[in-house]
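One structure below.
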Amino acid sequence: MKIAVLPGDGIGPEIVAEAVNVLNALGESFTLEEAPVGGAGYEAQGHPLPDSTLALAKAADAILFGAVGDWKYDSLERALRPEQAILGLRKHLQLFANFRPAILYKELAGASSLKPEIVSGLDILIVRELNGDIYFGQPRGVREAPDGPFAGAREGFDTMRYSVPEVQRIAHVAFQAAQKRSRKLTSVDKSNVLETSQLWRDTMIDVSKQYPDVELSHMYVDNAAMQLVKAPKSFDVVVTGNMFGDILSDQAAMLTGSIGMLPSASLDKANKGLYEPSHGSAPDIAGKGIANPLATILSAAMMLRYSLGKTEQADRIETAVKKVLAQGLRTPDIWEAGTQKVGTREMGAAVVAAL
Ligand code: IPM
Ligand code: MG
């Protein structure tokens, strides 16, 4: 089995190195092949997603991804910015189904900014569509406004779009995920304002007829943002579009105390996937050795489970992570009084030892 390893920028290389150590400690015969991506791709080959990196990602059975982005590339034209690497991989590989679990580990209840009784036992799964919406919709650009009160002024515009089959395919993924959990699915949209959202909601209702065992409900995105902090445990599986999913998944992640704990999977229709921490490249702490590697290590566990069919090894990693948390080891993002502060490498080594 071949795993493409794409560390990227910022803290990416530090956290991916720990996940690679964990994979190597499993005693399996994986082939790991590394390639530059994001700002690192731009530095090495003049493009955030070099052809050779894309070819490796296509050929591999799964992709382990760190993070991309650094302020120093903000002035580059958009097509050359690091973020285009992850967007390009999602699009080229048709990774349309993004799983972002938000689970509160009981040891970290005190690290959440919400009261323990609101978040204890939290276990939400956000299913975010990744290939459509305003992220990719054409036309987009900057032009002279053709009409309206500001006609003639420079204006930026993007297009929110979803087609019925595109919504259907993510709907099936979400309903099937709900069947494996508590059979409750909340679809988040803005159908009180947006045509795209009305089509999304109608399609969800249509697909729901094939899943009579799942209870489908709908919520406007503004209300969902409010309910996520008011009563987060009222959610189980949430399905939503690319843009709303981007925002709500960061919010859900933070309920658990630290976005540094949360893995994610982006899957195609055959369950080939890209696995990355839900957080970004955090250039402010890059190179300091203090980033939390657990989200990336847990992403490697998701990779074993979803794409490589190694459930037992995935369980081993997740158990090892729980063990180091129970031992009281904490990176600064999840540290609280009475626990032991450790850096990226110590945390990774502790997981390896616990394995
Ligand atoms: C994410 C990130 C990306 C996104 C960026 C880096 C393009 O925020 O994976 O949530 O917006 O999807
Ligand atoms: Mg995001």
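Just so it is clear, glycine is given a Cβ too, placed from its N, Cα and C backbone atoms.
According to TrEMBL, the features are:
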type	residues	note
BINDING	R90, R100, R128, D222	substrate binding site
BINDING	D222, D246, D250	Mg(2+) binding site
BINDING	G280, S281, A282, P283, D284, I285, A286, G287, K288, G289, I290, A291, N292	NAD(+) binding site
DOMAIN	2-351	domain 'Isopropylmalate dehydrogenase-like'
SITE	Y135	site 'Important for catalysis'
SITE	K190	site 'Important for catalysis'
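Overlay of TrEMBL annotations on the structure.
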residue: R128; record: substrate binding site; Cβ contacts under 8 Å, 6 or more apart: N98, R100, V239, T240, G241, N242, G245, D246, S249
residue: Y135; record: site 'Important for catalysis'; Cβ contacts under 8 Å, 6 or more apart: L87, N242, M243
residue: K190; record: site 'Important for catalysis'; Cβ contacts under 8 Å, 6 or more apart: S197, Y220, V221, D222, F244
residue: D250; record: Mg(2+) binding site; Cβ contacts under 8 Å, 6 or more apart: I259, S278
residue: G280; record: NAD(+) binding site; Cβ contacts under 8 Å, 6 or more apart: G10, A67, V68, G69
residue: A282; record: NAD(+) binding site; Cβ contacts under 8 Å, 6 or more apart: G10, I11, A67, A291
residue: K288; record: NAD(+) binding site; Cβ contacts under 8 Å, 6 or more apart: none
residue: N292; record: NAD(+) binding site; Cβ contacts under 8 Å, 6 or more apart: I15, S258, G260, M261, T331, D333, I334, T344, M347
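Sorted by the number of other CB atoms within 10 A, the binding-site residues R90, R100 start with R90, the lowest.
Largest Cα-Cα distance over the residues recorded as binding substrate, namely R90, R100, R128, D222, equals 26 Å.
Annotation for I290 (NAD(+) binding site): same-chain Cβ neighbours under 8 Å, separated by at least 6 residues, are T331, P332, G343, T344. Ligand 2 lies under 6 Å from the Cβ of the following binding-site residues, listed in sequence order from R100, D246, I290: D246. Within the set of binding-site residues D222, D246, A282, D284, K288, I290, D246 have a CB atom less than 6 Å from some atom of ligand 1. Counting neighbouring Cβ atoms within 10 Å of each of the binding-site residues (D222, D284), the lowest count belongs to D284.
Non-local contacts of A286 (NAD(+) binding site) by the CB criterion (under 8 A, 6+ apart in sequence, same chain) comprise D9, G10, I11, E14.
Note on the domain 'Isopropylmalate dehydrogenase-like' (2-351): its mean pLDDT in the predicted model is 96. When the record's NAD(+)-binding residues G280, S281, A282, P283, D284, I285, A286, G287, K288, G289, I290, A291, N292 are compared pairwise by CA position, the greatest distance found is 16 Å. Packing around D246 (Mg(2+) binding site) is summarised by its Cβ count: 16 other Cβ atoms lie within 10 angstroms of its Cβ, all protein chains included. DSSP assigns K288 (NAD(+) binding site) to coil, not to a helix or a strand.
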